[in-house]
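*Asks:* If you scroll down you'll find the structure; I have some questions about it.
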Amino acid sequence: MGSFNTSSREGFILMGFSDWSQLEPILFVFISVFYSLTIFGNTTIITLSLLEHQLHTPMYFFLRHLSFLDLCYTTSTVPQLLINLHGLDRTISYEGCVVQLFSSLALGSTECVLLVVMAFDRFAAVCHPLRYTAIMHPRLCQTLAIASWVGGCMNSLVQTGLMMAMPLCGLHLLNHFFCEMTVLLKLACEDTEGTETKMFVARAIILVVPAVLILGSYVYIVQTVLKVRSVAGRRKAFGTCGSHLLVVSLFYGSAIYTYLQPMHSYSESEGKFVALFYTIVTPMINPLIYTLRNKDVKGAVRKVLGRGRYLV
């Protein structure tokens, strides 16, 4: 298969799960089902939040952005993975790899910032309920959403630029199912310590800082809720924030494991299965987490279904 460098712009071969070839047919079925559920669940949330007036609130405005992010993030990797598992083609062009790397980093980084924005929304709702509508007015919500997207794209631009500036050599094999930063770094011809340090700082900023801000907001939220005398009031407040906190835990847990551990301790085999979790499982269960115990969403679903029966 030979060697290559960035000047030749040769493509890559994504090894995927070829080490466990006996699992590939099973993975193909499960991932196809999960991907279909991801599309259905997130599309449903986006549609409901647009159609139903009762869901035209800051919380569902940001949830709509999160669902769109999850759709895009999953679609940036899963179709390629399904093609690989089917055995049709395991190659990806250099340009395609760069696009995939940039888009996956941009969407993941945007979600990091958006989860902070959603934590701020919950903080305002619980800690300042009387001024909530004044604080979270539509213009601020739009500004925060745009800032999330811009911040995520800027972080991805920095990391992708650093990665693509490095000469690559050796066999053009990627032991992963998509163009992932930690795997690409192992193909570098030169010493990567300096570049890794810069990337680590960029990843720490986009992961650690938002995580600290989210934890800080929940400290104030818990303090406020504990002052509420009504048990029903406490339960409602914790229910409002519990869904978001669960999503944060799942997302940041897998992201920190993947991107903040030293390169020498990174296991490609474990990394692939962890990547399956944050590219497929998490986007699929996010809609379930936010809707299973949500009366507003259940009411919106009943209204839409009722309209459908009426039209029929």
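Glycine is treated like the rest: Cβ placed from N, Cα and C.
Just lifted these from TrEMBL, have a look:
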TRANSMEM  26-51  transmembrane segment
DOMAIN    41-290  domain 'G-protein coupled receptors family 1 profile'
TRANSMEM  63-83  transmembrane segment
TRANSMEM  98-120  transmembrane segment
TRANSMEM  140-158  transmembrane segment
TRANSMEM  200-221  transmembrane segment
TRANSMEM  242-260  transmembrane segment
TRANSMEM  272-292  transmembrane segment
*Asks:* Same chain, outside the transmembrane segment (26-51) by at least 6, Cβ under 8 Å from its Cβ: which residues?
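*Replies:* Same-chain contacts beyond the ends: 17, 60-61, 63-64, 67-68, 70-71, 74, 78, 81-82, 85-86, 276, 280-281, 283-284, 286-288, 290-291, 297, 300-301, 304.
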*Asks:* With Cβ-Cβ distances below 8 Å as the criterion, list the same-chain residues six or more beyond the ends of the transmembrane segment (63-83) that contact it, or say none.
*Replies:* 14, 16, 28, 31-32, 35, 38-39, 41-43, 45-46, 49-50, 89, 92, 100, 103-104, 107-108, 110-111, 114-115, 118, 145, 148, 177-178, 247, 279-280, 282-283, 286-287, 290
